[in-house]
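Lifted from TrEMBL, the feature list:
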REGION    A:498-519  region 'Disordered'
TRANSMEM  A:6-24  transmembrane segment
TRANSMEM  A:45-68  transmembrane segment
TRANSMEM  A:74-92  transmembrane segment
TRANSMEM  A:118-145  transmembrane segment
TRANSMEM  A:151-172  transmembrane segment
TRANSMEM  A:179-202  transmembrane segment
TRANSMEM  A:235-256  transmembrane segment
TRANSMEM  A:268-289  transmembrane segment
TRANSMEM  A:327-355  transmembrane segment
TRANSMEM  A:375-395  transmembrane segment
TRANSMEM  A:434-455  transmembrane segment
TRANSMEM  A:467-488  transmembrane segment
Amino acid sequence: MNGTRLIAFALLVGVTLAVTVWASRRTHSASEFFAAGRSISGSQNGLAIAGDLMSAATFLGFTGAMYLSGFDGWVMPSVTIVAFVLILLLFAERMRNAGRYTVADVLSFRLRERPVRAATAAATMLVAVIYLVAQLVGAGVLIRALTGLDFVPAVILTGLAMLAYVVFGGMLATTWVQIIKAVLLMIAGFALSLGVLIHVGFDWSALFTTAAANHPAGDAYLAPGGSGRSFLDTLSVALAFAIGTAALPHVLIRFFTVPDAKTARSSAGWATALIGVFFVMTAIIGFGARAVLPPEAGEQVGKSGNLAAPLLAEYLGGGAGTFGGDLFTAFVSAVAFATILAVVAGLVLSASGAVAHDLWANVMRRGQGEANETLVARLAAAGIGVVAIAITLAAGPGFNVAFLVGLALSVAAGANFPALLLAMTWKRFTTTGAISGISAGLVTSVVLIVLSPSVWPGGPESAPYQIEYPTLVALPVGFLACWIGSLLSSERQGPEHSFEELQVRSQTGLGSEETAAVH
Amino acid sequence: MTSQQDQRLDDAEAAPDWRAVHASVPFRELVARRGRFVRAATAAVLGWFAVFLLVVGIAPALAGQVVVAGMTVGFLLGMSQFVVAWLLTWRYLTLSATVFSGLEAAALAAGAPVVVDATTDGVRP
């Protein structure tokens, strides 16, 4: 057990729980629970959105991938930034203008509400639960590596903190935990980058040439091919990160927390700027770890490369066993832990909205269930959290996290992205089109993941589908099914709202949800 | 309490006339101009993304070519994704502030309750 790191973790959990207590006093109505009372400012929401994508997978995973395979690792952040432009151009203002609490609000606005809501809610829950299990397995493994705490208590403690934020503090606590984390992570990233740059004498070229010289592959380290990934694999992963990320429900629901579309727009702008700076820092940290760390560090970093950033912190702080090294590692490790806590809270909240607002209040109670919506949402959050913790404990620390993330992003890209985009932009899109698109994207993702090398029971070589991520097929299938479904059905308009009304609403904000504070 | 307020906004009596807004000239211009920018910008960002992936996948030797010490073509192409993202974001936010917001306000003014009765027959489908 490492004392300094455990104390840093405890301090962090203490601060976030204090925020939760504060938020719980301000969270009573459904609008407060799901949308933080629409009280979040543009820069705050920008930090929270960027924070959703500054996960352990990007901070530890991307830096580790760059440490291990150089250029191939750099491809990941470079394609993920595309998602932020798509979010700003296609979704940010439209979500705020046309929806209330969930993605299904926008998708079902002018279609037959109950079937479309049910399908969208199912896709949202699947994405959230899969992503949640991936994050929790990652949390358990990471905490064990950083503090020596066992996998089971690590997962249970993480899960309990996550449930406390969401069940008691709703979106307000979830957002502020995310903001605190994002600020801490930017500070950690900045400190690590500065340490690397001082080490190489602020010579940008020297950073990369030293890194290549330290890597067994030499100059090939700065060229494609280091990860051994095929072209189709790269393409599929890139589509998952660029398109799937743009349609992640726990990111999109953040646009409901701001007062109006103008703020939604500016928050997406803040997010693009912040995540861009963060991703460039991951390159300095990832390549820097290779340039700075002694060759013996290779073994400690591990096969996934996840410990490259914490080890770099230890080295820059003065080395193993020194006070500075211990303190800097403790800080970076606590921030990595905070990252997981903040991201899982957002995931639980998005799934609880799908259960309470979509399935319960609008599908089962046909819009008559609003009075108890917040209570149901709190219960749903607790239920989903407990189920995810149980799956994580049953799966164990050896579970393949990369395939879970691939599946979640693929469902988001194949099931959510086409239907959401077409519902807002294509006049002839119908209920049948939406249902067939969502289910085709979902089924294709799940089936292809089972047939892929990392899951197929017959072993990687005999797997029928040889690409790591299903996105390359699931995304076109999703669009195609939306299109065919719409062509084959004759429905012209939803029963209550027309495409023209949605268009006016999403473009101008006419009739959109107002801020509680205004009245 | 708030959800009841939210609900009331959907009711017909409180709802502003979206048909009048839809038929108004500023709204048509808003949809056309914003649509044009969004289509062009989306094509640009996805196009540059495709160029990056194609160079990496089909011409890895070119991607590995060193431009200045330590910087390969592929690395700089990756970095340029950020520059493109930042520029398009900045351009969209400026256009929104200078052009789209004004058109939004003008379109909403066309749907103000005062003119509701006068415009119900002027709606095109």
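Positions of Cβ are set from backbone N, Cα and C atoms, glycine also.
Curation does not apply to TrEMBL; its annotations are automatic.
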Query = Sequence gap of 6 or more, Cβ distance under 8 Å, 3 or more pairs: do the transmembrane segment (A:375-395) and the transmembrane segment (A:467-488) meet that?
reply = no
Key: Cβ-based contact of the transmembrane segment (A:6-24) with the transmembrane segment (A:434-455), 3 or more pairs under 8 Å   = no
Ask   = Do at least three CB pairs under 8 A connect the transmembrane segment (A:327-355) and the transmembrane segment (A:151-172), leaving out pairs fewer than 6 apart in sequence?
value = yes
Message = Quick check: do the transmembrane segment (A:268-289) and the transmembrane segment (A:74-92) share at least 3 Cβ pairs under 8 Å, counting only pairs 6+ apart in sequence?
response = yes
Inquiry  = If you count every Cβ pair below 8 Å, which range out of A:45-68, A:118-145, A:235-256, A:434-455, A:467-488 shares the most with the transmembrane segment (A:327-355)?
reply    = A:118-145
Message = If contact means at least 3 Cβ pairs within less than 8 Å, sequence distance 6 or more, would you call the transmembrane segment (A:45-68) and the transmembrane segment (A:434-455) in contact?
response = no
Task = Would you mind listing the long-range same-chain contacts of the transmembrane segment (A:118-145), meaning Cβ under 8 Å and 6+ residues beyond its ends?
result = 9, 55-57, 60, 102-104, 107-108, 151-152, 154-155, 158-159, 248-250, 302, 306-307, 336-337, 340-341, 343-344, 347-348, 350-351, 353-355, 358-359, 363, 384, 387-389, 391-392, 395-397, 399, 401, 404-405, 407-408, 411-412, 415-416, 419, 434-435, 438-439, 441-442
Key: Intrachain residues whose Cβ lies under 8 Å of the transmembrane segment (A:467-488), provided they are six or more past its termini   = 229-230, 232-233, 235-237, 239-240, 243-244, 402-403, 406-407, 409-411, 413-415, 417-419, 422, 426, 428-430, 432-441, 444-445, 447-449, 452-454
